[in-house]
């Protein structure tokens, strides 16, 4: 009895310690006391519950969940349902957490709050929205603002990922979190300018809220603002302001925020800006997307986008195997998605395997008819790249839902015209016009698209000489608008070549010349700023100029062409060399430079001495050189032994030969002279 009393007293003291530590938030110390209590009674339900709570508060979720699972008899699911579900939620076992919540016999407020969080993580936004609305309607405590923030986050997610137009919840933007979530919802709707204003307001509210706390530093404020600035940069990127976006993204990265999800999104967006340029920077940034825990911070679509960009980066960096591996993995995860197969096809094209790429796309189009249109457009592009324009046209014409579209009609007609297949081009026009006539409602028959196609078909037929075929189209247009003078003129022109009598009859419908005359002030038009020619005033014309102005039909004098200059030594009796315009080496009579002893002896011997051939190297002794002293070291004289001399260097016929002068000896002396 004494021992039992002592144990009870010790337990009471320990419980008192647990209570005191819990109130002070010292859960590590409380856990020690709880363990001592369990040593006294290992199946104490309250002690086990306290131990689980202490472990959760200390972040030991695995250990807490282990205790719950090993004491199922002592701790029934109804008693410990919230703690178990919360541990599973924090361990990212979201599906297990949902099952635990749904299996609880009593749905407490805590379980409902956690249920909303679980649904959000599972991206079941409709159910999540209903859960938070129920909580806000039936709860009255100090957490109402947090619930409204979560509700606005759900609406923003619906707008962003499901393209659902959000309803106005009437939430007052009292906090920067609410303001930020509303901005995200506006981004999902494409209202970028309004979203930017909301983000600027959120930034202002955040600074005001955090600056009130004296313990918060400027670095803490910037860290909290990082997610707002990241969304601002995203808007800039969507608006095409890539330089501003890139600068803001890099500023956020320099802050080294602890949110791995934010860093991953920013790194991914930088990679999309870089594209196939600056791949070294992209390879550095892609490492941020592989950080631990990223997969639990981002939505499925965000993670999918990151994986797509990894595959594209592998392709741009010539990592073919890595690209194939990533794209194949993506295709297995999302078999109906277009991007994986397009990336695989692009990689095959980079490897010059166009036929294999087209086969891959063809298989996908057959397996997924819903996406066949986009795939066939890509196939047609590849065929054009191969030069198979006709086959590309066949692929495009197989896309039934696009056959009648003006853009498709224009593309097909252009391609067929390039191939000079006019009949096929006209057939494309005919099919498109028939589509509008047969399948559109009667009020759309006279729509601008329908009439525009008929006009384009008529113009095309007239351009290619198909007058008879163009007449029916022009008559249809004129019937729709009898006041269209331009169409009537085209119709008359076409009939004039086929049925002149019909053309005369139709010409009676043309307006008279009086009604078509335009009252134009010629002087005002000529004196206008855009006039390219201004007539001179009559008052300034006198004499001969006035006569020329008044004269009609006077022919202007032709300007005389200047005769080309002839060479000074030109002789009309001598036939010019027909090869005179060719370089010397290309002429038929060129035999190359003569080789002999004279060339080898140039410059040899003692200083001041002469050689036997020195007289031939003197420029003053040549027939065409002026009578000036030779320049030291110059050896560019023309050989006198040549029989044919270029015309520009010929001497006049019968001119006396220049007498050879005795070569004067050069004076010695002078620095380095001859």
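Placement of Cβ uses the backbone N, Cα and C atoms for every residue, glycine included.
Straight from TrEMBL, the features:
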type: COILED; residues: 94-149; note: coiled coil
type: REPEAT; residues: 226-259; note: repeat 'TPR'
type: REGION; residues: 535-674; note: region 'Disordered'
type: DOMAIN; residues: 536-592; note: domain 'Signal recognition particle SRP72 subunit RNA-binding'
type: COMPBIAS; residues: 556-566; note: compositional bias 'Basic residues'
type: COMPBIAS; residues: 568-589; note: compositional bias 'Basic and acidic residues'
type: COMPBIAS; residues: 620-642; note: compositional bias 'Low complexity'
type: COMPBIAS; residues: 658-674; note: compositional bias 'Basic residues'
Practice prompt. Could you pull out which residues elsewhere in the chain have a CB under 8 Å from any CB of the repeat 'TPR' (226-259), counting only those six or more residues past its ends?
Written response: 176, 180, 183-184, 187, 192, 195-196, 199-200, 202-203, 206, 219, 265-267, 269-270, 272-273, 288, 297
Response to the item:
Residues in the repeat 'TPR' (226-259) per DSSP class, helix first, strand next, coil last, are 26 helix, 0 strand, 8 coil
Discussion item. For a three-state summary based on DSSP, what are the helix, strand and coil counts in the compositional bias 'Basic and acidic residues' (568-589)?
Written reply: 3 helix, 0 strand, 19 coil
Worksheet item: In this predicted model, what is the average pLDDT of the repeat 'TPR' (226-259)?
Response: 94
